[in-house]
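Participant: Feature list, courtesy of Swiss-Prot:
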BINDING   ASN12, ARG23, GLY197, GLY218, HIS219  3-amino-2-oxopropyl phosphate binding site
BINDING   ASP14, HIS15, ARG50, HIS55, THR105  1-deoxy-D-xylulose 5-phosphate binding site
ACT_SITE  HIS48  active site, proton acceptor
ACT_SITE  GLU75  active site, proton acceptor
SITE      GLU156  site 'Transition state stabilizer'
ACT_SITE  HIS196  active site, proton donor
Amino acid sequence: MTISNRILLGVNIDHVATLRQARGTRYPDPVKAALDAEEAGADGITVHLREDRRHIQERDVLLLKDVLQTRMNFEMGVTEEMMAFAERIRPAHICLVPETRQELTTEGGLDVAGQEERIRAAVERLSKIGSEVSLFIDADERQIAASKRVGAPAIELHTGRYADAETPSEVAEELKRVADGVAFGLAQGLIVNAGHGLHYHNVEAVAAIKGINELNIGHALVAHALFVGFKSAVSEMKTLILAAARH
């Protein structure tokens, strides 16, 4: 991913699949959601194929690979199964994420510093198929520096702590943590993306941080789409982040 001169919006469609899997039906179709998102201005589509297959399925990923007009950001755990699948589909972008079976959603960043050899091997292997590999990490200098050392060209900073902050002082503290992480990542020569827990009422402050390349947003878009439709939900978010980034 070349660094854009404007902030990009990656739309995560996992929770369209969550709604489908709740009843084991064929609808709603995450592929349809992805195409609608592209029409509404999404710069890319993010999907997470989890080990437990709780939402996105292999078939979804294969279909998306064939029909997307933008690009796929394939989120995956660092497992042999996922590595082999990624080598099969060769997505434009791969984001390595931590994964545990009991979590409701990804609860924290990947501990790159604690497993550098393993992550370095994964980055090298996935880079050979032409994918740009990013690491989903906390906005922590130790993890950012480790990401640089293992050869990842990009990182995605976990904004969950900011999203969960309740008091004004906590929000300010966590926002500063993200902003500092962005600055440090850029100083390391990394492409810096961000995401997790962002919605229509908290995204503007993050989008205004200079240097962020892309925001990945999913749950809030799917929830808002229940009331306004998916295209409108994506379009509204795109308008918000572009306006915030210009100021």
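Even glycines carry a Cβ here, placed using N, Cα and C.
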Participant: Within the chain of ARG50 (1-deoxy-D-xylulose 5-phosphate binding site), which residues six or more apart in sequence place their C-beta under 8 angstroms from its C-beta?
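Facilitator: The list for ARG50 (1-deoxy-D-xylulose 5-phosphate binding site) reads ILE56, GLY77, GLU99, given in order along the sequence.
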Participant: Please state how far apart, in Å and to a whole number, the two most distant Cα atoms are among ASN12, ARG23, GLY197, GLY218, HIS219, the recorded 3-amino-2-oxopropyl phosphate-binding residues.
Facilitator: 25
Participant: Compute the C-alpha separation of GLY218 (3-amino-2-oxopropyl phosphate binding site) from ASP14 (1-deoxy-D-xylulose 5-phosphate binding site), stating it in Å without decimals.
Facilitator: 7
Participant: Of all the recorded positions here, HIS15, HIS55, HIS196, which one's CB has the most other CB atoms within 10 A?
Facilitator: HIS196
Participant: Among the recorded positions ARG23, HIS48, HIS219, whose Cβ has the fewest other Cβ atoms within 10 Å?
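Facilitator: So among ARG23, HIS48, HIS219, the recorded positions given, the one with the fewest Cβ atoms within 10 Å is ARG23.
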Participant: Just to verify a number: CA distance, GLU75 (active site, proton acceptor) to ARG23 (3-amino-2-oxopropyl phosphate binding site), in angstrom, no decimals.
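Facilitator: Counting only the Cα atoms, the answer is 24 Å.
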Participant: I'm trying to understand the geometry here, so how far is the Cα atom of HIS219 (3-amino-2-oxopropyl phosphate binding site) from the Cα atom of HIS55 (1-deoxy-D-xylulose 5-phosphate binding site), in Å to the nearest whole number?
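Facilitator: About 12 Å separates the two Cα atoms.
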Participant: Considering Cα atoms only, can you say which of ARG23, HIS48, GLU156, HIS196, GLY197 is the nearest neighbour of ASP14 (1-deoxy-D-xylulose 5-phosphate binding site) among these recorded positions?
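Facilitator: With Cα distances computed to ASP14 (1-deoxy-D-xylulose 5-phosphate binding site), the winner among ARG23, HIS48, GLU156, HIS196, GLY197 is HIS48.
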Participant: Near GLU156 (site 'Transition state stabilizer'), which residues of its own chain have a C-beta under 8 A away, given they sit six or more steps off in sequence?
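Facilitator: The answer is CYS95, SER134, LEU135, PHE136, ILE137, VAL192, ASN193, ALA194, GLY195, ASN216.
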Participant: In sequence order, which residues at least six apart in the same chain have a CB under 8 Å from the CB of ASN12 (3-amino-2-oxopropyl phosphate binding site)?
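Facilitator: Set apart from ASN12 (3-amino-2-oxopropyl phosphate binding site) by at least 6 residues yet with Cβ under 8 Å, we have ILE45, THR46, VAL47, HIS48, GLY195, ASN216, ILE217, GLY218, HIS219, LEU221.
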Participant: Determine, from DSSP, whether HIS48 (active site, proton acceptor) sits in helix, strand or coil.
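Facilitator: Note: HIS48 (active site, proton acceptor) is in a strand by DSSP.
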